[in-house]
Amino acid sequence: MSTNPNPGIHQYAPSTLPREREREGATNSPQRNLLEFLCICVACIVCYYNSTQCGLVFDDISAIRDNKDLRPHTPLINVFLNDFWGTPMRKEQSHKSYRPLTVLTFRFNYLLHALEPFGYHLVNLLLHLSVCLLWRRVCRLLLRQCAASGSNAISAPSSSSVSQLNTCAFVASLLFAVHPVHTEAVTGVVGRAELLSSICFLAAFLSYAKSVGDSGCPRRTNWLTLFGCFGSCLLASMLCKEQGITIAGICVVYELFVVHQLRPLHLCHFVLRLFDERTEQQSPKLANPSGIRRWSSSTLWKRLSFLVGITLTLLVGRVYVMGSQLPIFTRFDNPASAADTPERQLTYGYLIYLNCWLLLCPSLLCCDWTMGTVPLLQGFTDSRNITTLLTFLALGAMVAKTCFTRNLALSRTLIMCLGWMVLPFLPASNLFFPVGFVVAERILYMPSMGYCLLVAYGFEQLQRRGSLSWQRFSQAALAILLLTHALKTHQRNLDWRTEYSLFMSGVHVNQRNAKLYNNVGHALENEGKFEEALLYFQQAVRIQTDDIGAHINVGRTFNNLKRYAEAEQAYVQAKALFPQAKPGVSYHARIAPNHLNVFINLANLIAKNQTRLEEADHLYRQAISMRSDYVQAYINRGDILMKLNRTAQAQEVYEQALLYDNENADIYYNLGVVFLEQGKSQQAQVYFNKAIELYPEHEQALLNSAILLQELGGEEARRVSRSRLYKVLENDDQNEKVYFNLGMLAMDESSFDEAEQFFKRAIHLKADFRSALFNLALLLADTKRPLDAVPFLNQLIRHHPSHVKGLILLGDIYINHMKDLDEAEKCYRSILHYDPHNTQGLHNLCVVFVERKRLAKAAACLQYAQRLAPAEDYIGRHLQIVLARLQKINKLPESAPERKLAYEDYDPLEFKLPQDRPTHKSRKRS
């Protein structure tokens, strides 16, 4: 055994790591490994099995249900071009959260079971279990290396010490498995970003430790492992979530204080030497030769350079992907970021305490901490500054302990715990840039690893050095902590079952957050409970009177309740909250796109009144003037212009919208409708096809293009038309229009039985579907089943009394097949009631008179019909036949029954044009 020339400074032992592995095999039995493995698995499953019964809620809606990047028809490359929510990274409204690997796993889930929540939650549970097991392995490695490097002897820790360290690692992973603050990351499906990133995060650390520790000497490096495994894991972690980049910082801490055994004071001394060469003479205690030699190690600088280089490279790449722009958030997302100095800095400091408190006491958890959840600290006199001060004192005390303790194992373990707590939290700390939230529980998933290790290490120290009573007390306290955490986690999962239960749990915790009340209102609104939703929206307005979104919600709910005057008033109030233009003063103000919805909603409400369409158009133009790239305003304005029959202008508006969003299927569809209105079917079909290319499930484009193809005719056109109609049915099997058009296709192919079934299905879904009712009746009549057609024709006339073709067909069946002239006459007279100049209805009424042998009345009727339609030859022919018969009857005696019947009910004035009827002049009184 060699002697150490510098007491308190322990030299690195080249044989430490190999001997450590030998010792591990002797002290770590397979039975214990299996038992710990099973305990962690059981803890995870017991805590989170009920999460698989939860639905897709909160952020899951945007990231999964509404994210087109998950759909199989979306090009896979889009996953790497868009942000986590499916918005192109180049767009201003993008959240700039680039997590393509996480989105790929969502896409895989969608491929297997679409939007069924169970699979998404099951994957999250398994990922959390994997993180816990990996964390146990990392803790074992870390604790043994810290203990070995801090030993006074070259040999590794004793067998009993290794066993205690393994217990510490097990406790850390078990506490991590059951901690309630992880519920949002595990039960919320979007938390998969944290889970995947953590797996790659831990794998990166293990690969780094392997690359610098395989040889047993810190002067050697396995560069292949470092570049290949570590680099890949670091990149993958960052592509799952941005926090993953911080593993490079943890590896720097590990390299300095564990691998090269530097002490924090060595680091201070080195920094001082950079600024003052005399430090060594003035501070001999700091000028430790061993520390200097370690700093001069070329291996250390090569590895640090590698870590810094790869980190900077990835950061530059990340900035490039973001388009060199930070995401833009509103002041409601993070109120402190919009506050003045010193309120902003004091609030940021208080948020650090709040995050620490959530780790220490996760009793009051909330899904949303934005808006007024945490009131801003009002200067230095705010009493909450005390908690901030105590937090920083506690952290400072731990830092001081690492610097001045002579127990090097303790020092290095504390350093790694602090590094694991602090570094992953830095991106969310507002230190470098303001973030879009106040507190986010899932952000604490990685930092909580360091916290759990710190608690476990404290427990291990009590077990090792405390008295028997302290050991029993610490064991009982740990058991209670694990049990209460597990129960809280299990109970917290129940809050995530539905959006309503989740947001109500938030309201119970925090009554100052207007967004929570808005979200409860949205949940009730989705269930059709508009009256209840209105109460929560109005409460949100009372809490945050300047929140435009809350006023919009109130207006929309009034609109759903058909209280249009109150809805308009709410929208006007929201509109009044926008920055007002001042004459002669120019200024720039950023308007959130979702706030501009007030113009859309107000215009849509006004447009219900046909006399106010121009006013609605003005609102759309006003919204466009505020944001020229506001595509939804262009789309809605185009609809208004179509109602105003200004199709050319509507076309220009839609084409302008394409300049800002040329991948919006709705715009291409609307352009297709414009060309359809202009009678340009071929151009319309081109735009419908483009809409389908961009969004293969676009229902209206599929339906309209199928109809155009059907009208085009031809076997290939009918085949494509049918495939598109069936595509619509895959997503909406209750669409009566699809069944009707499938029936029409079957008619074209003479598949009458199939057509009949499609028409009946359409009528079953919509009892007053006039086209389906008439075409089914016509089909039955044409296939020699006229009596079967009568019920459908009567149903048609009941819902649509003025349906002329239906009345004519029904009248014909009454005459030709049922011989019911009275009902036939009712049908034809009904036609003339709605359309007095309908030639066919009038002619058929004349035929009824002929069938009744009322020839005089029939002749007058046909003469009237001929005057209405002189070009119709068949009327003239029938008139000549009736007149010839009437001439023969007129030769009979007046008392003859045939002659009496011929002139029965005859009124010479019944069938006369208005100008042919005699007028009666009134005499003036003298």
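Cβ atoms are placed via backbone N, Cα and C, with glycine included.
Copied over from Swiss-Prot, here are the features:
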CARBOHYD  Asn609  N-linked glycosylation site
CARBOHYD  Asn645  N-linked glycosylation site
REGION    1-26  region 'Disordered'
REPEAT    514-547  repeat 'TPR 1'
REPEAT    548-581  repeat 'TPR 2'
REPEAT    631-664  repeat 'TPR 4'
REPEAT    805-838  repeat 'TPR 8'
TOPO_DOM  1-36  topological domain 'Cytoplasmic'
TOPO_DOM  58-114  topological domain 'Extracellular'
TOPO_DOM  136-169  topological domain 'Cytoplasmic'
TOPO_DOM  214-222  topological domain 'Cytoplasmic'
TOPO_DOM  260-303  topological domain 'Cytoplasmic'
TOPO_DOM  325-345  topological domain 'Extracellular'
TOPO_DOM  367-384  topological domain 'Cytoplasmic'
TOPO_DOM  406-419  topological domain 'Extracellular'
TOPO_DOM  464-926  topological domain 'Extracellular'
TRANSMEM  37-57  transmembrane segment
TRANSMEM  115-135  transmembrane segment
TRANSMEM  170-190  transmembrane segment
TRANSMEM  193-213  transmembrane segment
TRANSMEM  223-239  transmembrane segment
TRANSMEM  240-259  transmembrane segment
TRANSMEM  304-324  transmembrane segment
TRANSMEM  346-366  transmembrane segment
TRANSMEM  385-405  transmembrane segment
TRANSMEM  420-440  transmembrane segment
TRANSMEM  443-463  transmembrane segment
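Between the alpha carbons (Cα) of Asn609 (N-linked glycosylation site) and Asn645 (N-linked glycosylation site) lies a span of roughly 16 Å.
The average pLDDT for the topological domain 'Cytoplasmic' (136-169) in the predicted structure is 75.
Within its own chain, the transmembrane segment (443-463) has Cβ neighbours under 8 Å at 135, 139, 142-143, 164-165, 167-169, 171-173, 175-176, 179, 181-182, 185, 191, 194-195, 197-198, 201, 243, 246, 355, 358-359, 410, 413-414, 416-422, 424-425, 428, 437, 470-471, 474-475, 478, 481, counting only residues six or more beyond its boundaries. Asn609 (N-linked glycosylation site) carries neither a helix nor a strand DSSP state and counts as coil.
Below 8 angstroms of C-beta separation, residues 98-102, 197-198, 200-201, 203-204, 207-208, 210-212, 214, 245, 247-248, 251, 303, 306, 310, 314, 318 of the same chain, each at least six residues beyond the ends of the transmembrane segment (223-239), sit close to that stretch. Under DSSP, residues within the topological domain 'Extracellular' (58-114) fall into helix, strand and coil as 28 helix, 2 strand, 27 coil. The DSSP breakdown of the repeat 'TPR 1' (514-547) into helical (H, G, I), extended (E, B) and coil residues amounts to 27 helix, 0 strand, 7 coil. Note on Asn645 (N-linked glycosylation site): other Cβ atoms within 10 Å of its Cβ, all shown chains, come to 9. DSSP labels the residues of the topological domain 'Extracellular' (325-345) in these numbers: 7 helix, 0 strand, 14 coil.
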